[in-house]
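Copied from TrEMBL, the annotated features are:
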TRANSMEM  5-24  transmembrane segment
TRANSMEM  30-52  transmembrane segment
DOMAIN    45-296  domain 'G-protein coupled receptors family 1 profile'
TRANSMEM  64-86  transmembrane segment
TRANSMEM  106-124  transmembrane segment
TRANSMEM  145-165  transmembrane segment
TRANSMEM  201-233  transmembrane segment
TRANSMEM  245-266  transmembrane segment
TRANSMEM  278-298  transmembrane segment
Amino acid sequence: MIMSAASASILNTSIFILMGFPGLDQYYPWLSIPFSSIYAMVFLGNCLVLHVIRTEPSLHQPMFYFLAMLALTDLCMGLSTVHTVLGILWGLSQEIGLDACISQTYFVHSLSGTESGVLLAMAFDRFTAICNPLRYTSILTNSRVSHVMGAILMRSALSILPVIIRLKFFHYCRPHILSHSFCLHQDLLRLACSDIRFNSFYALALVICTLLLDAVLILISYVFILHTVLAIASREERLKSLQTCVSHICAVLVFYIPIIGLTMVHRFGKHLSPSVHVLMGNIYILFPPLMNPIIYSVKTQQIRSRMKKWFSLKVK
C-alpha cells in the first residue's frame with residue numbers, strides 16, 4: 001500500500017526519479033571517488049587547454065580557436081550533468097523536477113550537436129591546411145572562423161528547440177523513473193502518454209541531418225586529405241602531414257563511438273541489464289570531455305611544449 005501510494009504521488013507530480021546505478025546503491029560512497037576525480041579532471045583539463053590557448057599568442061590560429069570551442073563545449077557538458085550524477089552518488093537527491101530535467105536534456109543534446117559541428121570545422125581546417133596550404137590564411141580568416149563558430153552554435157541551439165519545447169506539454173502517465181543519472185530526450189519520451197510521433201521523427205531527422213551528416217563530411221574530408229598526402233613524394237613529409245591529423249582523428253573516434261554505442265543500446269538492447277544502459281550513458285557524457293584535453297595535450301606539439309614551459313615555471 002505504501003509503495004503504491006508513493007508511485008501514485010510520483011505520477012501526479014512533475015518530479016522524476018533518476019535511476020542512478022541500479023544494484024550498486026551500497027557502493028555509492030566508493031563510486032563517488034572515481035566519478036568525482038573524473039569530473040575534476042574534465043574541469044581542470046579543459047580549463048588548462050583554454051588557458052594555454054588564451055595566453056599563448058602563437059596559438060591564436062584557426063585550428064586552436066576551434067580547439068578552444070571544443071574545450072568550452074566539453075566543459076559545459078560536464079557542468080550540465082555534474083549536479084545530478086554526483087548528487088546521486090553523494091546521497092543528496094535522486095529527484096529532479098520536470099523543468100530542470102527538460103533544461104538538462106536541452107543542454108546535453110545541444111552540446112552534443114555543438115561538439116559534432118566543431119569536429120567538422122576542425123576537419124575542414126585540416127583539409128584546407130593539407131590540400132590547399134597556400135590559400136589557408138586567406139580561406140580561414142578570423143572573420144570566417146567567427147562566422148563558422150556562430151553558425152555551429154546557432155544550429156545546435158535552435159534546431160533542437162521544437163522537440164524540447166513539446167516535452168513541457170506532454171502528459172507523463174508512466175512511473176517517473178528515468179534510466180540514467182541525467183535526463184535524455186528519448187528517456188522522457190518513453191514515459192509520455194501523449195502523441196510523441198513528431199518528437200520521434202524530428203529527433204531521428206535531426207540526428208541524420210547533423211551527427212550523421214557531419215560524420216559523412218568528416219569522412220569525405222579525410223578521403224581528400226589521404227589522397228593529397230599519398231601524392232607527396234617524401235615519406236617524411238607524408239608522415240608529418242598525417243601527424244597533424246592524429247589528434248583530430250582520435251577526438252572524432254572518442255566522440256562518435258560512445259554515441260553509436262548508446263544508440264545501439266537504446267534501440268536494440270531492451271533485454272540488457274539496466275547497468276549496461278547506465279554505463280553507456282555515462283561513457284557518452286564523460287568520455288569525450290575527459291579524453292579530448294589529454295589527446296590534444298599529448299599529440300599537439302605547440303600545446304605540449306607550452307604546458308611543459310608553464311609547469312616548469314610553476315615548479316621553480
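Cβ atoms here come from the backbone N, Cα and C positions, even for glycine.
For the transmembrane segment (278-298), the partner stretch with the highest count of Cβ pairs under 8 angstroms, out of 64-86, 106-124, 145-165, 245-266, is 245-266.
For the transmembrane segment (245-266), the most Cβ-contacting stretch among 30-52, 106-124, 145-165 is 106-124 (pairs under 8 Å). Over the domain 'G-protein coupled receptors family 1 profile' (45-296) the predicted model carries a mean pLDDT of 90. Residues 63, 66-67, 69-70, 73-74, 76-77, 80-81, 148-149, 151-153, 155-157, 159-161, 164, 182-185, 206, 210-211, 214-215, 217-218, 221-222, 248, 251-252, 255, 259, 285, 288 of the same chain lie 6 or more positions beyond the ends of the transmembrane segment (106-124) yet place their CB under 8 Å from a CB of it.
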